[in-house]
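These come from TrEMBL:
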{"type": "DOMAIN", "residues": "1-70", "note": "domain 'U-box'"}
{"type": "REPEAT", "residues": "259-291", "note": "repeat 'WD'"}
{"type": "REPEAT", "residues": "304-345", "note": "repeat 'WD'"}
{"type": "REPEAT", "residues": "348-389", "note": "repeat 'WD'"}
{"type": "REPEAT", "residues": "390-430", "note": "repeat 'WD'"}
Amino acid sequence: MNCAISGEVPEEPVVSKTSGLLFEKRLIERHISDYGKCPITGEALTIDDIVPIKTGKIVRPRPIQAASIPGMLGMFQTEWDSLMLSNFALEQQLHTARQELSHALYQHDAACRVIARLKKERDEARSLLAQAERHIPASAPITVNASAVSNGRTVAADEVGLGGKKIRPGISAGIFEELTECNAALSQQRKKRQISSTLAPVEDLEMYTQISSHPLQKTSKPGIASIDIHYNKDIIATGGLDTNAVIFDRSSGEILSTLSGHSKKVTSVKFLARDDLFLTSSADKTVRIWQGSDDGNYNCNHILNDHNAEVQAVTVHATNNYFVTASLDNTWCFYELSSGLCLTQVEDTSGSEGYTSAAFHPDGLILGTGTSEALVKIWDVKSQTNVARFDGHAGAVTAISFSENGYFLATAASDGVKLWDLRKLRNFRTFAPYGSETPANSVEFDHSGSYLALAGADIRVYQVANVKSEWNCIKTFPDLSGTGKATCVKFGPDAKYLAVGSMDRNLRIFGLPGESNAMES
């Protein structure tokens, strides 16, 4: 008895009630589900029309090929040939897939190169457009604002967009790469850096006293607002309330140059380590880039007018190719030093407070700013986003300084000086030596990160320790100006001396008593 469909002996035989034909159960059920009729007679047929037949266990007869050794060998040969053909087909499919994948990867790589080239061309086009806009005459229909003036000529003109805001070219991918490479190099150097053997020891700082005083600013408007030191040349710059900046040679005790041009007090001064360049910011809303000459004088190369309120701080990036200014208009600007072009101007829309201080992290990818509303904000320079903020101060944050190892941040305000751990983003120590009536005006780590100085009613020097250890006060210098207000303090090379400015017109140098005779000689 064979299945009417397959012609073979069924394993589960069933019979049709209507036709009496014998079928394999699985085959007739599938046919009924697909067609609903008998495959032989064509009559309508349902599952209920088939009846299973009870039979003994059926043993399938061995095929003829397996009945002898030559037949089995032939069967194995056939199966082997089929296996080899199947394997060959799979290898061909694999080879084709590899070729397609290789072609896709090549196309992806080519697309990436094209995108990179187009981005580079876009950045170059933006730069050329910005340069072209500088030369657009005043009668041109496009509205522009001059953002920098160089010896009477415009060095950057920015198109005004919606809302009256200037359109900036932005920080290009090439600059981002330069900043990242500088960050990696400085981070690697810092791991290997050892404290200089020529650094002044604690015992010397304990013996420091005033060794000289120099009247640099005008008597009509006394007061020094800021100080910076060129470590390679050992020259000191001061910015005064008399609208002038003064370049002073400490070793000879002579004024090298007096820089005039600002119409209000000079709020910040900064040397650059290359090309004899010098930066000043002022309450007149401008920043000036000065170029030193062979005769010791400094000429103004660029006047930058991108802020619409007092510019309180200027800080230079570690590459010495870029710098940032911070203003009471609640924005900070990132500049290219060579052209004086403002690449981007960042405004924090989360608040209306202005910036009163700013400093780059030693690695250059982080910017710290202090505000008039007692906040400290940490920025990612590449994305220009505020990544952290510290509160807890009272009054405007007047000064900000990062330690050389990049772990600590010191900030000064009306309630004293606070130390922040940048790894855990928390305040771990507070110095409040003056009380609520006298603010801390300045705070500064030395270049090695071993000492911390703060200035207010007096000048104090602390030995830098870690988060858990005590930071001991090594020395306290009285304010000898008679004004009761030391405004700024800066360590000299290897902490061999301290330069202090106050509300009188004198720059004061504190060091070992024997240094005064050595300097005069």
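Keep in mind that glycine also has a Cβ here, set from the backbone N, Cα and C atoms.
All TrEMBL annotations are machine predictions without curation.
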Take the repeat 'WD' (259-291) and find every residue of the same chain, 6 or more past its ends, with a Cβ under 8 Å from one of its Cβ atoms.
221, 223, 225-230, 232, 235, 237-247, 298-316, 320, 323, 325, 327, 335, 337, 340
For the repeat 'WD' (259-291), how many residues does DSSP put in helix, in strand and in coil?
0 helix, 18 strand, 15 coil
Could you break down the residues of the domain 'U-box' (1-70) into DSSP helix, strand and coil, giving a count for each?
20 helix, 12 strand, 38 coil
What does the DSSP secondary structure composition of the repeat 'WD' (348-389) look like, as residue counts for helix, strand and coil?
0 helix, 22 strand, 20 coil
Averaged pLDDT score, the repeat 'WD' (304-345):
92
By DSSP, how many residues in the repeat 'WD' (304-345) are helix, how many strand, and how many coil?
0 helix, 24 strand, 18 coil
